[in-house]
There are 2 protein chains.
Amino acid sequence: MKVEEALQILKEHGYKYTGKREEMIRICAEEKRYLSAKDIMERIKELYPTLSFDTVYRNISTFVQLGILEETELDGEGKFRLACSADGHHHHHVICTECGKTSSLPGCPMNVMASVPEDFQVTGHKFEVYGMCKECVSHAN
Amino acid sequence: MKVEEALQILKEHGYKYTGKREEMIRICAEEKRYLSAKDIMERIKELYPTLSFDTVYRNISTFVQLGILEETELDGEGKFRLACSADGHHHHHVICTECGKTSSLPGCPMNVMASVPEDFQVTGHKFEVYGMCKECVSHAN
DNA sequence: CCTTTAAATCGGATTTGTTCTGATTTGTCA
DNA sequence: TGACAAATCAGAACAAATCCGATTTAAAGG
């Protein structure tokens, strides 16, 4: 997803444009990596030094609801990245547990794996592979 | 996994036997369901009304380390259930997001899905299907 | 432009889940 | 039984996230 698309989605849903929102999205768009709310806060302070963490959290959760950000949970805190499923088709990620960097996996287990018991009404699924990226492996020495 | 097996594992690793530990494991063994630390606390208070939450958390994390409990994260809090992978072979679950009840899925996407990029050193993976179980669907009306 | 209004933000207090700490109790083994 | 290490207690401390009332601001209409 591009920054412009994200802003378009906000507009379509009647949310107002603010520089802070754009900057948050821009920060997430810079990297194929999961960022924590704190990460985003730190980076946005360069441009908006007084921004309150309430704003960051509130906007993040708006973005997640609108499908602009994807969310996961690592080390007991929420991590976020610009949604990419929207771009092409639905897929999943390998995630570096050190730095949050991601790499796409083709396909989805839901298509491949046959039987989901019919006494459950399925609402979603999660498939994530965890590991360490090249860079973090070498840093760890 | 059975309660006795779990106690055996504790013993093998040099952990002491305590009634509180046994009761915690027993509580988890009662249901094929993910329980929160709070759930476990409430239930264990019947037998040990003064038990501190520190003990519960500490024991839970010991159990997870030893592979006695499986952990996941739902609604921003840790949930736990008696490990069953140990029994047969490795597999995954459908989880009811309302009550935590689980049902097994045969197989593992890691076997089925071919390519994990070789610039990641894989350390683990997670595959969970979410939904509502029959009971919770009907209660929701 | 100016006004109006609802949405967004601020700053800090609050809540919630979890971990830490130091003192005390309790298994276990010699 | 005694001694020691491990387990537990009680509550303080912590960190992530949410809530709240007051203030500011985007944007739509006159």
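Backbone N, Cα and C atoms are what each Cβ position is placed from, and that goes for glycine too.
Database features (TrEMBL):
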type	residues	note
BINDING	A:His90, A:His125	Fe cation binding site
BINDING	A:Cys96, A:Cys99, A:Cys133, A:Cys136	Zn(2+) binding site
Structural state of A:Cys96 (Zn(2+) binding site), classified by DSSP into three states:
strand
Under a three-state reduction of DSSP output, how is A:His90 (Fe cation binding site) classified: helix, strand, or coil?
coil
Within reach of chain B, those binding-site residues of A:Cys96, A:Cys99, A:His125, CB-CB under 8 Å:
A:Cys96, A:His125
Cβ-centroid neighbourhood (8 Å) of the Zn(2+) site, A:Cys96, A:Cys99, A:Cys133, A:Cys136 excluded:
A:Thr97, A:Glu98, A:Gly100, A:Lys101, A:Met132, A:Lys134, A:Glu135, A:Val137
Among A:Cys96, A:Cys99, A:Cys133, A:Cys136, which are recorded as binding-site residues, the nearest neighbour of A:His125 (Fe cation binding site) by Cα:
A:Cys96
I'd like the number of other C-beta atoms within 10 A of the C-beta of A:His125 (Fe cation binding site), please.
19
Cα distance (Å, whole number) from A:His90 (Fe cation binding site) to A:Cys96 (Zn(2+) binding site):
20
A:Cys99 (Zn(2+) binding site) to A:His90 (Fe cation binding site): how many Å between their Cα atoms?
23
Between A:His90 (Fe cation binding site) and A:Cys133 (Zn(2+) binding site), find the distance joining the two CA atoms and give it rounded to the nearest Å.
23
Taking DSSP as the reference, which of helix, strand or coil describes A:His125 (Fe cation binding site)?
strand
